[in-house]
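Peer 1: This is the structure I have questions about; it appears just below.
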Amino acid sequence: MGVGGGPRVVLCLWCVAALLCQGVAQEVVAETTTPFATHRPEVVAEENPANPFLPFRVCGASPTGGEIFRFPLEESCPNTEDKDHIEGIALIYKTNIVPYVFNVRKYRKIMTSTTIYKGWSEDAITNQHTRSYAVPLYEVQMMDHYYQCFSAVQVNEGGHVNTYYDRDGWNETAFLKPADGLTSSITRYQSQPEVYATPRNLLWSYTTRTTVNCEVTEMSARSMKPFEFFVTSVGDTIEMSPFLKENGTEPEKILKRPHSIQLLKNYAVTKYGVGLGQADNATRFFAIFGDYSLSWKATTENSSYCDLILWKGFSNAIQTQHNSSLHFIANDITASFSTPLEEEANFNETFKCIWNNTQEEIQKKLKEVEKTHRPNGTAKVYKTTGNLYIVWQPLIQIDLLDTHAKLYNLTNATASPTSTPTTSPRRRRRDTSSVSGGGNNGDNSTKEESVAASQVQFAYDNLRKSINRVLGELSRAWCREQYRASLMWYELSKINPTSVMSAIYGRPVSAKLIGDVVSVSDCISVDQKSVFVHKNMKVPGKEDLCYTRPVVGFKFINGSELFAGQLGPRNEIVLSTSQVEVCQHSCEHYFQAGNQMYKYKDYYYVSTLNLTDIPTLHTMITLNLSLVENIDFKVIELYSKTEKRLSNVFDIETMFREYNYYTQNLNGLRKDLDDSIDHGRDSFIQTLGDIMQDLGTIGKVVVNVASGVFSLFGSIVSGVISFFKNPFGGMLLIVLIIAGVVVVYLFMTRSRSIYSAPIRMLYPGVERAAQEPGAHPVSEDQIRNILMGMHQFQQRQRAEEEARREEEVKGKRTLFEVIRDSATSVLRRRRGGGGYQRLQRDGSDDEGDYEPLRRQDGGYDDVDVEAGTADTGV
């Protein structure tokens, strides 16, 4: 409150100042002959603008006309009590972002058709294509029960029924065996791991081979709410719900209907290597699609999937109620959860899948605090601003229960006190349309919400609690201190009201106690440059009388008359010189004037000191406050990395790893359509094909005939080879080889015998005949003549036979002979005949025809005896 005097107060002060200072000025003028000069103090208010007592001023209180005040002696301190806190168990449930994961079995038959070219040194695959076909139910049962299948597949393609046999053989039972894999979530069983790519043995021919492989894939599938489709681990998307319709035989939703779908009850799927008797019977869906079949366990949505999942549970949580919200905190996490005051209606009906789990978790948490706390009412459910659900079970301390029971003489120590609020089993019904994140809304928009708001809320709650605690203590201490200060000022005002009121107002004022109130008026500032202090403190004309404070001279602002007074405390000028005392010996005095301190010894000025050279006595009491404790924020994972990885129905990592591993480990030859062109393996066939194409229809006929012949011989050779591959044919081949070896050995032995003794081999009994009596062998000359005669006889018979055959063939000349004779005649005519003419045969023997050419020595002219030809010069 500002204090200001009226015009009358100012006028009175001026009059009083003029009357008092007029006589003093005359005395000051009379003292100008004193040997001690005066000292003019320095007043620089700008050096310390925070100190309002530096300027020289004149203060005087008027008994009337000033402002009057009184001190308040009755004060009430404000109430700083905090909000109500309730202990309890808190279970926090979050939205389940992990899709529904279940096991499926995929069945298919893979037909691979491979065309191989048989080259001279290398073989080449010129074409290869693979098709996948669905497996019917009767064969799927063989796969699920016994891990067997048929090695053939019969399909209807373009209106034609085609049958493919594995290894181009016949239909037989094949056994499934585990295949190599990379990921543990996918297991394959197959019947034929190798591609049939063996060419025929006929060179420069093409062969088509067929491979049929039965494959069963055990893997997982995923479906996300609203469960309109699901995706397998290998990337197949099935546009239907995986769940069974309530009281139905089909899935809940079917966006694209398969070729057929059946519900199989009490269907057993055995494990590999385990008998059918140990399989568990279950209800399964079986669907046939375009190129594969699929089966999975049929369950309802309510029994298999839940929209909420437990995140964290706390047995020592605190609930704080504010004006429009509830705050839940726990020491285990640095987060505070804010919820409306209203409870969630029909939570146990909306989320039946977790309600039983909620009761079990509450019982587990109760066991942790059963020695100190008891339940206080039933569980309540609240929904946070981050789409989390808090199941709250209030607790009460056992000591409070016992005290309350003794107070009201209750026999049951576990009864809840009537003053403690309990929860009624009946909850207020709310509009279910306002409840977001329900289990049957069909929307999957309730996903992960950032928990940063919860952490900020926790930090704010901790800061608010700490600050409110400090402010509460300060408020109470401040209130008590102010009350005590009022009492102290009231008592001090009776002694020196001016000092008390100046301290209270924070600026120089003049005060006077008039009864039970204090009259306050302002001070008047003087001309600061006109103020000077006397160095002599003795009263003139009186040797034993001295001033208690130095005498000063000053002028009022805009005034020319000089006034005298005494230097008061804190630069105040007293408008009188009546403050005197009996002079004392060996005394010192220090007085502050302006910004300096004057030292007087024996009432005479000695020196000037700076205010900073004199130490100060601190009477301030330091307020010791406990600062707000540090809070280290920790990242709270609402959803773990595993949950985030599983939140997508497409497991891209597993799909690509499995696909790459499966394609890179196929046992067989790779597809290579341009192999023959790039490497020149069948250039001859290509050239021959171009020639036949140029021939047109004739070329096609030749190619067809040649292809038929080659195919016939190829089939014969392949049949022979296939026969030898058969066990019976192989045994027969081994027997024939052994028989041939024996025959060759016998023939070689007989040949050596004939070479060593030909007569004995021809006539085995010749040796016995030579031993008979009367047998005499002929001479060697006779034997030689006989052999020569036999040789000539044999040669003559052979010559006669050849002559007879020539006579028979003479009139039957072939086309080749006619062409040869014609060509020979043309050549002879072009060369002029060479002077030769054909010899005529007159029926004589061969020797007679050439008799004129015989020489005297028995030879023939121009005849090469060894070669048997004549040099005719042609």
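Every residue, even glycine, has its Cβ placed from backbone N, Cα and C.
Residues annotated as topological domain 'Virion surface' in Swiss-Prot, with sequence analysis given as evidence: 26-727. The disulfide bond annotation in Swiss-Prot covers CYS59-CYS523, CYS77-CYS479, CYS149-CYS214, CYS306-CYS353, CYS546-CYS583. Swiss-Prot lists 412-450, 830-874 with the feature region 'Disordered'. Residues annotated as topological domain 'Intravirion' in Swiss-Prot: 749-874. The motif 'Internalization motif' annotation in Swiss-Prot covers 836-839 and rests on sequence analysis.
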Peer 1: If you count Cβ atoms within 10 Å of the Cβ of CYS59 (disulfide bond), leaving out that atom itself, what do you get?
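Peer 2: Summing over all protein chains shown, CYS59 (disulfide bond) has 20 other Cβ atoms within 10 Å.
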Peer 1: Of the disulfide-bonded residues listed here (CYS59, CYS149, CYS214, CYS353), which is spatially closest to CYS479 (disulfide bond) when Cα positions are compared?
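Peer 2: Nearest listed residue in space: CYS59.
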Peer 1: Using only C-alpha positions, which one of CYS149, CYS214, CYS306, CYS353, CYS583 is spatially nearest CYS59 (disulfide bond)? These are the disulfide-bonded residues in the record.
Peer 2: CYS583
Peer 1: Indicate the candidate from CYS214, CYS523, CYS583 with the smallest number of other Cβ atoms within 10 Å of its Cβ, considering only these disulfide-bonded residues.
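Peer 2: If we count Cβ atoms within 10 Å for the disulfide-bonded residues CYS214, CYS523, CYS583, the smallest count is at CYS583.
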Peer 1: Under 8 Å Cβ to Cβ from CYS546 (disulfide bond), same chain, six or more residues apart: give me those in sequence order, or none if nothing qualifies.
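Peer 2: Sequence-distant Cβ neighbours: MET537, LYS538, VAL539, VAL580, GLU581, VAL582, CYS583, GLN584, TYR603.
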Peer 1: If one measures from the C-alpha of CYS214 (disulfide bond) to the C-alpha of CYS306 (disulfide bond), what distance in angstrom results, rounded to a whole number?
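Peer 2: Computed Cα spacing between CYS214 (disulfide bond) and CYS306 (disulfide bond) is 37 Å.
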Peer 1: Relative to the Cβ of CYS149 (disulfide bond), which residues of the same chain, six or more apart in sequence, are found under 8 Å away?
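Peer 2: Result: LYS109, VAL135, GLU139, MET142, MET143, THR173, ALA174, LEU176, SER191, CYS214.
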Peer 1: Give me the CA-CA distance between CYS306 (disulfide bond) and CYS523 (disulfide bond), in Å, as a whole number.
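Peer 2: Just about 83 Å between their Cα atoms.
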Peer 1: Using DSSP and three states only, what is CYS149 (disulfide bond)?
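Peer 2: SS state of CYS149 (disulfide bond) = strand.
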Peer 1: According to DSSP, which of helix, strand or coil covers CYS353 (disulfide bond)?
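Peer 2: Once the DSSP labels are grouped into three classes, CYS353 (disulfide bond) ends up as helix.
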Peer 1: Around the Cβ of CYS353 (disulfide bond), how many other Cβ atoms lie within 10 Å? Please give the count over every shown protein chain.
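Peer 2: A count of 18.
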Peer 1: Look up CYS479 (disulfide bond) in the DSSP assignment and report helix, strand or coil.
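Peer 2: The three-state answer is helix.
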Peer 1: Given CYS523 (disulfide bond) and CYS353 (disulfide bond), what distance in Å do their CA atoms have, once rounded to a whole number?
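Peer 2: Rounded to a whole number, the Cα-Cα distance is 84 Å.
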